[in-house]
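Enquirer: So that we are looking at the same thing, I have put the structure below in structure tokens.
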Amino acid sequence: MAGVVVVGAQWGDEGKGKIVDWLSSRADVVVRFQGGHNAGHTLVIDGKVFKLALLPSGLVRGGKLSVIGNGVVVDPWHMLTEIEGIQAQGIEVSPESLVLADNASLILPWHKDIDAAREGALGAAQIGTTKRGIGPAYEDRVGRRAIRVADLADPAALDLKIERLLAHHRPLRAGLDLPEPDGAALKAALLEIAPQVLAYAQPVWKLLDEKVRRGSRILFEGAQGVMLDVDHGTYPFVTSSSVVAGNASAGSGVGPGAISYVLGLAKAYTTRVGAGPFPTEQDNDIGKRLGTVGHEFGTNTGRARRCGWFDSVMVRQACATSGVTGLALTKLDVLDGFEEIKICTAYKLNGKTIDYFPAGLTDQAAVEPVYETLKGWSGSTRGARSWTDLPPEAVVYVRRLEELVGKPCALVSTSPEREDVILMRDPFEG
């Protein structure tokens, strides 16, 4: 048995979709364990583009079991729409290939209303939420009033759950100048889709326990990145779930002993979507070039990503909090043609040099990057599949990142194509 967790080691958008797709060829089961449909994956397979947000990336590969774990908040309407979308692209989806945790919490239309109203009220201080109801759904989950997948099979329990929700949401919506919530309409909408959703529902913890006992290879697919973790990220400019690798266990129902390798993904530079501190941001021609060449626009939202140099301090911290075993470095080809490339090796804060990202919001905004400059390369790295295909300067760059982060590179991705990967160590081989 081997369990590999894939987590982003920056602010998300590190190319997890491609790497998970590549690793899924070695896996029997692919599991989503946190987040919702707020983080998109783009997969390019035989020239065909698949855009996923909620569904595990393993679905686009035949012969794999894909699982949505209990740690995910699920918009059931979006789930069904996304299933229909990839079915239209020729992908077979059935209860034999996709399983949904029966104890996963649901995202409701009310959650989206609240998300959008709160974000709009913040004005210039907006966090940058996708307004898809993720945060409010997690609030109801923690508040023990969430509607869960299993409740769709029990109309009597659904009535009680909706009454409990109404007691909380009525005054909340009134304070946000939102219309009175309609419990009857919500129940009718949920019961209408219940048969379709319940067809995929199972006790995922039990299913995965059986897979572990049989020695199956399980790939745990994280969403977002560690620096968006609700505890360890740039709070409050974070997501509403735990993104670190440790949550792969809690968010799927398997014990931590099932995890044998943690793969941390990082771009060869840095990007961020939405507001929040970003020490190495390049709000200039360099940032524009990175964004243009790297096609840095959100899969779900289309929002332009902020771009900057690689921040080894941040990635090292993300690796520490997630227990990363090895790195997968992506988008190395975007740096082709730069005469020089900078790497952040430390921060300056109030005149002192520090080697970590501080927890306080004021300090996070005040840190200044300390850079090391490396020579760039004029040759192309695009499509490289071995070290010998890389310009010498690119090899030096990758090796320097390994030194600064303190983790070896297991994989280097050199294009969006699935097979354009330099493999140093197969995570499933330990």
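Glycine is no exception: its Cβ is also placed from the backbone N, Cα and C atoms.
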Enquirer: Write down the one residue from Arg173, Arg289, Arg303 that Swiss-Prot lists together with Asp13, Glu14, Gly15, Lys16, Asn38, Ala39, Gly40, His41, Thr130, Arg144, Gln224, Thr239 as binding IMP.
Expert: Arg303
Enquirer: Counting Cβ atoms within 10 Å of each candidate's own Cβ, which of the binding-site residues Gly12, Gly15, Gly302 comes out highest?
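Expert: Counting every other Cβ within 10 Å of each candidate, the maximum falls on Gly12.
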Enquirer: Between Lys18 (GTP binding site) and Gly40 (IMP binding site), find the distance joining the two CA atoms and give it rounded to the nearest Å.
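Expert: On Cα coordinates alone, these residues lie 12 Å apart.
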Enquirer: Starting from the Cβ of Ala304 (substrate binding site), draw a 10 Å sphere and report how many other Cβ atoms land inside it.
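Expert: Ala304 (substrate binding site): 14 neighbouring Cβ atoms within 10 Å.
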Enquirer: Can you give me the Cα-Cα distance between Leu332 (GTP binding site) and Asn38 (IMP binding site) in Å, rounded to a whole number?
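Expert: Computed Cα spacing between Leu332 (GTP binding site) and Asn38 (IMP binding site) is 26 Å.
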Enquirer: Helix, strand or coil for Thr42 (GTP binding site)? Use DSSP.
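Expert: SS state of Thr42 (GTP binding site) = strand.
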Enquirer: Measuring Cα to Cα, how far is Asn38 (IMP binding site) from Gly12 (GTP binding site) in Å?
Expert: 11
Enquirer: Tell me, in order along the sequence, which binding-site residues from Thr130, Gly302, Arg303 have their CA within 10 Å of Gly12 (GTP binding site).
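Expert: The binding-site residues passing the 10 Å Cα test: none.
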